[in-house]
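If you look up Swiss-Prot, you'll see 61-165 marked as domain 'THUMP', on the strength of sequence analysis. Per Swiss-Prot, ATP binding site is recorded for LEU183, ILE184, LYS265, GLY287, GLN296, and the stated evidence type is sequence analysis. Residues or ranges marked as disulfide bond by Swiss-Prot on the basis of sequence analysis: CYS344-CYS456. Annotation comment: Swiss-Prot describes 404-482 as domain 'Rhodanese'. According to Swiss-Prot, the active site, cysteine persulfide intermediate annotation covers CYS456.
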Amino acid sequence: MKFIIKLFPEITIKSQTVRLRFIKILASNIRNVLKTLGDNIAVVRHWDNIEVRTKDENLGVQICDALTRIPGIHHILQVEEREFRDMHHIFEQAYEAYGELLHNKTFCVRVKRRGKHQFTSNEVERYVGGGLNQHIESAKVKLNHPDVTVNLEIDQDVLILVKARYEGIGGFPIGTQEDVLSLISGGFDSGVSSYMLMRRGCRVHYCFFNLGGSAHEIGVKQVAHYLWNRFGSSHKVRFVAVDFEPVVAEILEKVDDGQMGVVLKRMMVRAASKVAERYGVQAIVTGEALGQVSSQTLTNLRLIDNASDTLILRPLISHDKEHIIRLAREIGTEDFARTMPEFCGVISKSPTVKAVKAKIEAEEANFDFNILEKVVSEAQNVDIRQIAEQSSEQVVEIETVTAFAPTDVLLDIRSPDEQDDRPLQLNGVEIKSLPFYKLSSQFGDLPKEKTYLLYCERGVMSRLQALYLSEQGFDNVKVYRP
C-alpha cells in the first residue's frame, strides 16, 4: 500500500534551501507520528512529494487518518503502481480500475506526467476518456464538476492509479517556526488559537492559570492533550499549570473594581512571560478577539501588551464568535469547550473599556508582586505525554482493572465517531455508551448500584474523567485497560 503526500503550496514557492529544510522536517514529523502504528512503515521524501509505504494493508485507514492531521500536508493520494507499455495499455488498466465506478455517472480524466514519453498528458486524457466513454454506455463525459474524476499519474515508465484522495490540513510542518506558549483556558478561543499556531508550523506549549480548582485543571488538560495528540504529537511539549488563586485574592483585596479585569490580564502576561523565558519560548499566544469582552478593546489590549516585552500573538483578533465556534467544531474541541467548568475569579460590576495607564499602574502599586513570583516559581511543569501518569499519582484511589465483576458495566466514553469506527465488543459484558463530554451531566442518572469501568483507547481521557467524577463524590468509578 502506498500513499503520495502532496506539499502545502506555500512550501513549494520557498527557495531551494528552505524548501528542502521544510520537506526534511515534514518527513521527520510523519515518521514520529506513524511509528506508533508499527515499524513496517517506510517514509521517503522527494523534491515535490513524500511517499509512505507499508506492506500491512490493515494499517491503511489508520495511516490515512494520521496523515490528514499533520500540518504541512495539502492532500494525500492513495495510489496503486503498475507498469505500462503504451497508451492503450494505460486505458485498459484505467478501465479495469475505474470501470465499475462510472456506470450512470458523469466523469472526466485528469493526467499528470513526469519524464519523456511519445505522448502528452492531454493526449492520454483524450484517449483514456474516449475509450471509457465508448465502453461504458451509461457514462457521460463532463469536464467541469463531474461525478467521478479519473486521476492518473505517469512517472517515467510507471502508471500510478489514484484510488482515493484525502485532504490535509495544510499549513507549515511543526518545527519550521519557533516555539510558542499558548495561554489555554479550555474554552473555544484558546483551543482554536493553539491549533492555528500549530498549523502555522509552531510547536505549541501550554500554560494554564488555574482559577477554579482541580476540576477546571482536569478539563483543560483534556483539551491540551487532545490538541497535541490530534495535531502535534510529532513533538514533545510542556503543560505548565500555575495556581493563580492567590493572585486573584490579592487583586480582589487591593485593586479597584473597574480595573480588575485589565490588571488580572497584565498579571497573566507577566507570569506567562516568566514561564516563556524559563523555557526559551519566543512568544505568547492568546485567544483574544477585538471587542469580545471589556478587556479586549484596543486601549486595554495595548495596556496588557505593555506589561511585558514578550511578543503576544492573537490569531483570532478579527474573528467573530460564530466563526471561532465553527472552527472549534471542525477541529473537535467544541464539545470540550461547551462542557468546560466556568470559573470567574474576578468579576467587575463596571469594568473599564478604556483603561488609563496611570490608574492601572497606581492600582498595581498596591499589589504584592512577591505573590506573583511565588506562584510562578511553584508552577507545575509536565510533559503532556505524562498527563495520564500524573493523574494516576494524584488520585491513587482510582483503580485500574483488566477484568470484570458481575455488577460491572463498561462505559465507553469515546466520541461517537470513534465508537462507530472501532466498536467495542466483549462477550458477557454489559457495555454502555456515554461520550466523555456528557459524563459530567449524565453520569449521575445512571443506576447507583453498578460499578462503571471507563474506557478510552489510550487511557488518558478515562483516567482524567474518573478523577473528575471521584472528586464529585462518585465512588463507583474505575478505569478499564485491556
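Each residue, glycine too, has its Cβ placed from N, Cα and C.
Small disclaimer: the values here were computed from a predicted structure and weren't measured.
Residues LEU183, ILE184, LYS265, GLY287, GLN296 are listed as the ATP binders, and the farthest two of them sit 16 Å apart at their Cα atoms. Sorting each residue of the domain 'THUMP' (61-165) by its DSSP state yields 37 helix, 38 strand, 30 coil.
The domain 'Rhodanese' (404-482): residue composition by secondary structure is 28 helix, 18 strand, 33 coil, according to DSSP. For the pair GLY287 (ATP binding site) and CYS456 (disulfide bond), the Cα-Cα distance reads 29 Å. Within the model, the domain 'Rhodanese' (404-482) shows a mean pLDDT value of 84, rounded to a whole number.
Cα-Cα distance from GLN296 (ATP binding site) to CYS456 (disulfide bond): 38 Å (rounded to the nearest whole number). CYS456 (disulfide bond) and LEU183 (ATP binding site) are 27 Å apart (CA-CA, integer value).
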